[in-house]
Amino acid sequence: MTLYRSLWKKGCMLLLSLVLSLTAFIGSPSNTASAAVADDFQASVMGPLAKINDWGSFKKQLQTLKNNGVYAITTDVWWGYVESAGDNQFDWSYYKTYANAVKEAGLKWVPIISTHKCGGNVGDDCNIPLPSWLSSKGSADEMQFKDESGYANSEALSPLWSGTGKQYDELYASFAENFAGYKSIIPKIYLSGGPSGELRYPSYYPAAGWSYPGRGKFQAYTETAKNAFRTAMNDKYGSLDKINAAWGTKLTSLSQINPPTDGDGFYTNGGYNSAYGKDFLSWYQSVLEKHLGVIGAAAHKNFDSVFGVRIGAKISGLHWQMNNPAMPHGTEQAGGYYDYNRLIQKFKDADLDLTFTCLEMSDSGTAPNYSLPSTLVDTVSSIANAKGVRLNGENALPTGGSGFQKIEEKITKFGYHGFTLLRINNLVNNDGSPTGELSGFKQYIISKAKPDNNGGTGNKVTIYYKKGFNSPYIHYRPAGGSWTAAPGVKMQDAEISGYAKITVDIGSASQLEAAFNDGNNNWDSNNTKNYSFSTGTSTYTPGNSGNAGTITSGAPAGANPGDGGGTTNKVTVYYKKGFNSPYIHYRPAGGSWTAAPGVKMQDAEISGYAKITVDIGSASQLEAAFNDGNNNWDSNNTKNYLFSTGTSTYTPGSNGAAGTIRTGAPSGSVLSVVTSTYATDLNEVTGPIQTEKLSGVSLNVSTSTYAPNSNGVEVTAQTEAPSGAFTSMDLGTLSNPTSLNTDWSKQSIYFIMTDRFSNGDPSNDNYGGFNSNNSDQRKWHGGDFQGIINKLDYIKNMGFTAIWITPVTMQKSEYAYHGYHTYDFYAVDGHLGTMDKLQELVRKAHDKNIAVMVDVVVNHTGDFQPGNGFAKAPFDKADWYHHNGDITDGDYNSNNQWKIENGDVAGLDDLNHENPATANELKNWIKWLLNETGIDGLRLDTVKHVPKGFLKDFDQAANTFTMGEIFHGDPAYVGDYTRYLDAALDFPMYYTIKDVFGHDQSMRKIKDRYSDDRYYRDAQTNGVFIDNHDVKRFLNDASGKPGANYDKWPQLKAALGFTLTSRGIPIIYQGTEQGYSGGDDPANRENMNFNANHDLYQYIAKLNYVRNNHPALQNGSQREKWVDDSFYSFQRSKNGDEAIVFINNSWNSQTRTIGNFDNLSNGTRLTNQLSNDSVQINNGSITVTLAPKEVKVFTK
């Protein structure tokens, strides 16, 4: 394991990551979570390219879009229009007229700041050049592109011109100034990154002689571009001699460095695959990356404070010539796309959403087109998912039914956040009538959109529906407008039980006309008439026995209309319960009061608290008072409380005194009483007895009495029974969490690096002065225990039965986010939370039958000496440490075990285990930690650096399952440590998995590796993994498919299939399920993204489901049944449960006939648990065919 000192790397172990509230429940292999769009998905339509001349027709088109569920109109805002008169002479009048028309229709408006030319490209129906005055700002050589044949292109400014950023900054600033008043209708802004509004080079331009499916041409032949390439190479290598050494050339001058002189020959002669070729392609893309950073920074500078919306940019779907063997990916590379991983990372770094196109297209990868658009969409979308980059989609060409189905497949498979259809005239005729294409768009795309209940700009109608139908639908139209398609829109559950709710933007209409049904053609009766709802909030109650229902003004009693997630100011109040069922009576400062007693507050996610969120519009404070709903009020000296926007916690005062308000949510420090019994009223102690959880109350074990005080004051506890009460009241015990007594050989572990997993409590991000900085991979990022708690369902639904989290001890460095540089053993690091929050995590994991393993470091502390002293007491004594200097490469290479155990690992202070005081304190500490937390197992870091004698003592003191990290490839060396600990991470198997599955080597290596199991005490408890936080991700290191080395998922799936079905405890590192592909530390420690619809998440969930339902696959015996270079099979058995696993490691389909199975007779039918095919044993054997890289798991 590697560590860093100062700015060095430190290995931190974690593997896990979970969730965002995933709703999938895994009940059977075919019942994993279905694919879905993102929670905020919306469907938009692209407006015309040219100016609108007939506003009446355009407004009819907009109204039809609105009536059919379209969210927004996306519009090119042409630089050539708005600044044509001269530098900084802007005219925005046309686009203000445009925005007003959109606003009138009740739609949103998504502007594209189009800094490119319109005209000359496929689909262009206008001619809008760049502002003519631009040519005076620089030379043509600087500002234009030039291709291989010498054609000069001025579709967009060259990113290499130094003035490009300044011009865009001025344009963005003027837009922000002029459209600040339209912020309510602008949910997003797009940036043009180059030709056709895409971040690319103008490599395929018909006016330059290109026609489909031509490769296109490189655009790096101006002197400016050539000099930029030369400078970049000199900067990279440092001298011409080193360039020659790298490229195998004999250049005598930097001026001899040029882009490829023959673009076609660059491919046919193999130049693209040479060191020179790779350097050129990498530099060529880097120009686009830098340009994206420049325009992204300018946009955030000018737009964030004004609009506060997401900003996006687009890359082109260059899908042809992808698999042409003569020039693989030539079209993409001419456009500037050499490494999608790196390019999409730039979107992440620039905090920009990514729009991708050609979602409607299918692959046809044969000559002459070699077109693979569907594969390309999958590749780009997968990388974006893995990196947490938000995706939006477009079609490339007009589309129909099958195209819409293809779009639906992609947006749901990869959790897209939006889709924009090109263009409006394909959906709506000039008279406002729909075309045939609109129905397909509505069926497959608009139907996926989430209700926009709060963001509209017109009049709004909010309806609470008292449930007659359990799942009511509302079929409606703005009065005089168009109806929704029957049965209409499904209403969502309201914040008050027994009601559904919807808010509809009706544009300029004054009423909403509606009817209700159950979605199955059963309609609410109103004597065949529709109901009419006025603007504002109304409550509808169905009539009895088929009679018409009634409409009353306002929300139902107890509702909180302001809790709907509006776009205005919000106040969230946590109320520490004095009243068991508190009400809040409130008004936005200066506004109107709720009707007394106000709104009943709901139980918060933190025990002992109630909570409410109120939308206060443009007000800056919420004025409030609390009561119990029965006219008993909290006292604040007759004054009301004032809460500012954001989150606050209110604690009632003692003895009638005023309560206190502090900023932020409560810490969650809650004492859980396992079985606590108390009287609810001291005056009625013979009355009902309740058993509940008590919050923040200290009770002695024996006889105690708990009583809520009156008037909302804090609770009290006394150490005797109340007069006349039962003297044998059972208070249970105030205990810490307890272990699940886990059989670890049955578990499947998800490894979590806590700081990089999920930020559930931003209030602790800057703990101890070591601030969170997401832009620096070596510093804290904000993940914490609350984040893991929030994502437990994400982990559970993936089928994992255990989590392993990185160390929890307090650190004292801005670089110690990983937890391996302990300062205080007896304190939890505040970045992660508190001891109470850690206990809560353990309890809630145990509630879901998830065991918890914690990483611990007993070899060393952080690097606190010399100069800064030692770790915190009692680890603050010089003789508790070795002072033998750093372990060197020579020590490792010569296997100097004495130095390996007694030297400093990367400068970290090595503990002296031979000192009894040190050894005893470490054993005391681990007993304390286990007792406090109730964790179920330990992962020990840097075990090969710890004396084996101490390990044995430590293992006995812990008296729990221990798994050691012995970073070494020799199974005899690693296996010896299982004589002192319960288990070891199987690094020898890791190296074999990497070779066999990641680099297509012989499956016989698996057989050879299993022959080394004799070195382990019990190989069934070896931790088996494909990668972790100390090594490159599997997808980074894997070789990929020959001829298409970007295609690595099949290799990963084969490795996962092996890992989750073979002997040992499988351990999957967080992010694997999202297709993460980071390289060496810290690139392999990415922040998590939680897409439960990701193909890899679903695949892992299916494998875990099979494993969890078959004891044989957990810790059953394992016997090899077949091995050759490309195929492997084994059988696992336990107590009558039999499973046979087949793995094809080839890139071709493979068929084998395999026999000699145990405990299975002729005629036995076996079913593949990963799909639906089955086989039957005949003559003692099975014949199976597996697709390339496929894994099959057959059971009875």
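Backbone N, Cα and C atoms are what each Cβ position is placed from, and that goes for glycine too.
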**Prompt:** Can you pick which of E170, E177, E198 Swiss-Prot lists for the same Ca(2+) site as E83, D87?
**Reply:** E170
**Message:** D76, D124, K314, H319, T357, N395, A396, R423 show up in Swiss-Prot as binding substrate; which entry in H116, H300 does that record put in the same site?
**Reply:** H116
**Stretch carrying region 'Disordered' according to Swiss-Prot (options 544-566, 636-658)** = 544-566
**Disulphide partner cysteine [Swiss-Prot] for C126, chosen from C12, C118** = C118
**Request:** Report the DSSP secondary-structure composition of the compositional bias 'Polar residues' (544-553) as helix, strand and coil residue counts.
**Result:** 3 helix, 4 strand, 3 coil
**Asked** Hey, what's the Cβ neighbour count for E83 (Ca(2+) binding site) at 10 Å?
**Response** 23
**Message:** Counting only residues 6+ away in sequence within the same chain, which have a CB under 8 Å from the CB of E170 (Ca(2+) binding site)?
**Reply:** N88
**Message:** Name them in sequence order: residues not among E83, D87, E170 whose Cβ is within 8 Å of the mean position of the Cβ atoms defining the Ca(2+) site.
**Reply:** G86, N88, Q89, F90, P131, Q167, L171, S174
**Surrounding residues of the compositional bias 'Polar residues' (544-553) on its own chain - C-beta under 8 Å, 6+ positions past either end** = 468, 516, 524-527, 531, 533, 536-538
**Item:** Intrachain C-beta neighbours of D87 (Ca(2+) binding site), sequence separation six or more, cut-off 8 angstroms
**Value:** P131, W133, K137
**Item:** Arithmetic mean of per-residue pLDDT over the region 'Alpha-amylase' (669-1196)
**Value:** 87
